[in-house]
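**Q** Below is a structure I'd like to ask you about.
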Amino acid sequence: MDILPCSYVSLPTLPLVGPYIYYTKPKPVHRFFLLKVFASSTTTTGSSNKDIWRKTVPPTPQKTTPSGPYRRRQEPVYLDHSVDMDDLLRSISETKDEQQLYAFLSPYKDRQLSIRFMVSLLSREPDWQRSLAILDWVHDVARYSPSVFAYNVVLRNVLRAKQFDLARGLFDEMRQRALSPDRYTYSTLITFFGKEGKFDDAISWLQQMEQDRVSGDLVLYSNLIELSRKLCDYSKAISIFSRLKNAGITPDVIAYNSMIHVFGKAKLFREARMLLQEMRDVGVVPDTVSYSTLLSIYIESGKFVEALSLFSEMNEVKCPLDLTTCNVMIDVYGQLDMAKEADRLFWGMKKMGLEPNVVSYNTLLRVYGEAELFGEAIHLFRLMQRKDIDQNVVTYNTMINIYGKTLEHEKATNLVQEMQNRGIEPNAITYSTIISVWDKAGKLDRAAILFQKLRTSGVEIDQVLYQTMIVAYERAGLVGHAKRLLHELRQPDNIPRETAIMILARAGRVEEATWVFRQAFRAGEVKNISVFKCMIDLYSRNRKYANVTEVFENMRMVGYFPDSNVIALILNAYGKLREFEKADAIYKEMQEEGCVFPDEVHFQMLSLYGARRDFELMESLFERLDSDPNINKKELHLVVANIYERENRLTDASRIMNRMSRGALLKT
């Protein structure tokens, strides 16, 4: 999303006429920048003497005018209205090099056109190289006063063309011309760098903006939060949200809803729930999306009781239900073995004015299957067909799984044929489900043949499908076949190496996963933060703490922020390696960045201070946490008392327990 003045118009890029390479005038500032990019030792001098700052004073009229302070200032007369901008742009697009462009613009070099007209012209010029050349002409030939609006437009053009080094050079040039970058300048830089995954650069521009005391706005911070959320970099999103509030900006309901999702994904469920109350405190009413987002987060993490409680709260405050909320709650009821409630909610949706969609039907199908209500499931499946409700691959996958539970493998196989006849293409889950069904029915030969066909047919084989076949071989006692599949993942040719790493890590194959990970990381193929997390979890489970820190350092090298779970694992690893200073440094760094930790991370840091017998730091952290209203005070006191007890400091342990007792009495 471009955050630019509304007068800036975005048009598709127009190609240059002819095979010529368009270039900007070798102006001292641009030339210096370009030479820096290409590491040339050539430099230019004399640019500081160019008189580009003095504004030309219009000639005094040849008639008698009053002298002194009452003399009227004559406004310049511009040709803006007499020049057709469309014709001008068309003619500019036909120029093939800088000389032709300058020759065409020469009639206007005495500034007969206003700077506003020139900025509008730049905003409609789609080619970034021409826009640079026009900017040079504006400053060096026509000698207009430098304009931050003109630079903002050209910055947008070069960033659209992904000329990031050139954008930095333009920013430096603004500084050299004594122009102060404004909010639009920084918004453009932050947005485009962030969209290209250059998140560290985007954050750097944000820090520069704050140093320059340029106030950001809600849209800018919301864009950064959304970018970090899409990159699954939840710690950075939390840090940016803290910056937003520290800047005195009140988040709107959209920003709050994004942060509910972020806190939930970061497993900070208490903080996500507390955002609902914070919204009410600042006058922002939680809407249906607020509740449905948190409900979805609870389900993903298996917190079905909490989801049920939240749904009750949603009904108490009379927040209207939508289709998404109903679908989510049907799933919750199913997970809690409340099939009757799921059934009642589904069939009562029409009374609420909601028409169940294919997701609603698929969810209830799964609930019936898990509750072993197979007759109801088959009836609902055929009802969908009679009512012409579009069934999809999820519908068939669910029914194949249900037939697998009833050991009716032939009916499951027939469903695969039926879906193909209806033009619904099976996916990896379809194949992994049918392989699992055949495996349970003792038809391993059919499963193996299908798997081999899939490998040679070019069908995408995901983690689940691979793992299903490995498990099938192991269940049948064919350990050699399972090992062969695992070994092939070291040199994967039909799946991405990131997928191979995840399969090997989740299968507990430490050596193979390590080998593939290092090869992929050196080749720059590890782009997904989940791969780093998976490897850190693998090493931690196998007590390979040096490897935990190695992957963590690689993760930070490519610009990812750790989430609370990774922080807990890395603090534990540093503690096991007796590298307490590194643990302390990463704990403080993440807090300075605005990361929010669950209580367990703070308690772990207290334990590390106790392990190195740094009781002064431990007491300092204890006092800070004790004053934090979001910390569980009982658990905090018990942790600190246990640390003192392990170190045989019984007096201090008793002091902490007595303090907890006094606090409980005061609270009562």
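Cβ coordinates come from backbone N, Cα and C, glycine included.
Caution: TrEMBL annotation is automatic and unverified by curators.
When I checked TrEMBL for this same protein, it listed these features:
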REGION    43-73  region 'Disordered'
REPEAT    147-181  repeat 'PPR'
REPEAT    182-216  repeat 'PPR'
REPEAT    217-251  repeat 'PPR'
REPEAT    252-286  repeat 'PPR'
REPEAT    287-321  repeat 'PPR'
REPEAT    322-356  repeat 'PPR'
REPEAT    357-391  repeat 'PPR'
REPEAT    392-426  repeat 'PPR'
REPEAT    427-461  repeat 'PPR'
REPEAT    462-496  repeat 'PPR'
REPEAT    528-562  repeat 'PPR'
REPEAT    563-597  repeat 'PPR'
**Q** For the repeat 'PPR' (147-181), give the DSSP counts of helix residues, strand residues and coil residues.
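**A** Secondary-structure breakdown of the repeat 'PPR' (147-181): 26 helix, 0 strand, 9 coil.
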**Q** Return yes if the repeat 'PPR' (217-251) and the repeat 'PPR' (563-597) have at least 3 CB pairs under 8 Å (sequence gap of 6 or more), otherwise no.
**A** yes
**Q** Sort out the residues at least 6 away from either end of the repeat 'PPR' (528-562), same chain, that have Cβ-Cβ distances under 8 Å to it, and list them.
**A** 199-200, 231-236, 239, 498, 501-502, 505-506, 508, 510, 513-514, 517, 521, 569-570, 572-574, 576-577, 579, 582, 590, 593, 595
**Q** Using DSSP, tally how many residues of the repeat 'PPR' (217-251) sit in helix, strand and coil.
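**A** Counting residues per DSSP class in the repeat 'PPR' (217-251), I get 26 helix, 0 strand, 9 coil.
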**Q** Could you put numbers on the helix, strand and coil content of the repeat 'PPR' (563-597), residue by residue per DSSP?
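**A** Secondary-structure composition of the repeat 'PPR' (563-597): 26 helix, 0 strand, 9 coil.
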**Q** Mind checking which residues of the chain, 6+ beyond the ends of the repeat 'PPR' (357-391), have their Cβ under 8 Å from one of its Cβ atoms?
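**A** Same-chain residues near the repeat 'PPR' (357-391) but 6 or more away: 323, 326-327, 330-331, 333-334, 337, 339, 342-343, 346, 349, 398-399, 401-402, 405-406, 422, 424.
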**Q** Could you give me three numbers for the repeat 'PPR' (357-391), the DSSP helix, strand and coil residue counts?
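**A** Reading the DSSP string over the repeat 'PPR' (357-391) gives 26 helix, 0 strand, 9 coil.
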**Q** Summarise the repeat 'PPR' (322-356) by DSSP state, stating how many residues are helix, strand and coil.
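**A** Grouping H, G, I as helix and E, B as strand yields 25 helix, 0 strand, 10 coil.
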